[in-house]
Amino acid sequence: MVCTLTIGFEPSPLQDFCFADPSSSARVNGLACLDSKQVQADHFSFSGLHLAGSTSNPLGSKFTPVTVNQLPGLNTLGISMARLNYAPRGLIPPHVHPRATEILTVLEGSLLVGFVTSNPENKFITKVLQKGDVFVFPIGLVHFQRNVGHGNAVSLSALSSQNPGVITIANAVFGSNPSIADDILAKAFQVDKSIIGQLQAKF
């Protein structure tokens, strides 16, 4: 008796492009394609990434994405990007991209960056980056960026998915809807339930 298992995967687009048609009722892994006869140059361009995002918020940072949601021409192409602005001491808090590796380039300032490897090692990999430095965050790993310079900082990231997704750890754990039961979080973090309640109130 012979048993054969064959698995096929096509990571590349099967046509020149598939401009996203968000008005389509079709449900696919991604977005349905607009008729290629209707596609124009504007469908493949995005304006405004040169503008600084406002960092007037508690984290002192601003994430400006260019994913398939902002640039529908990215549909099926497996890439996206983002501009990140940081006030002094500004932070992009610990988060993961469930569908993408991220490569970051510092355009201005100094950034402390880092990620944590998966269980059981949980090794913390960290480095201070200067203007022109590049750092990569592997897919699905918790990572962060913080401005450690005296002035504002700017970075540009490229991501290996048209829709990389973002899960901010604190928001997901303490700000879920409905809330995760406080006794579960208290046991997981080995703290009193009152502390969990205070954290949940912030989100």
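Numbering starts at 1 and runs along the chain as displayed.
Quick reminder: no glycine exception, Cβ is built from N, Cα and C everywhere.
Per TrEMBL, these features apply:
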type: DISULFID; residues: Cys18-Cys33; note: disulfide bond
type: DOMAIN; residues: 47-197; note: domain 'Cupin type-1'
type: BINDING; residues: His95, His97, Glu102, His143; note: Mn(2+) binding site
type: BINDING; residues: His97, Glu102; note: oxalate binding site
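Sequence features annotated in TrEMBL and their locations in the structure.
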residue	record	Cβ neighbours (10 Å)
Cys18	disulfide bond	22
Cys33	disulfide bond	19
His95	Mn(2+) binding site	19
His97	Mn(2+) binding site	23
Glu102	Mn(2+) binding site	23
His143	Mn(2+) binding site	23
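Rounded to a whole number, the C-alpha distance linking His97 (Mn(2+) binding site) with Cys33 (disulfide bond) is 25 angstrom. Annotated Mn(2+) site His95, His97, Glu102, His143; additional same-chain residues within 8 Å of its Cβ mean position, judged by their own Cβ, are Val96, Ala100, Phe115, Phe137, Leu141, Val142, Pro164, Val166. When the Cα atoms are compared, Cys33 (disulfide bond) and Glu102 (Mn(2+) binding site) turn out to be 26 Å apart.
Taking the Cα of Cys18 (disulfide bond) as the reference point, the closest of the binding-site residues His95, Glu102, His143 is Glu102. For the domain 'Cupin type-1' (47-197), the mean pLDDT of the prediction comes to 96.
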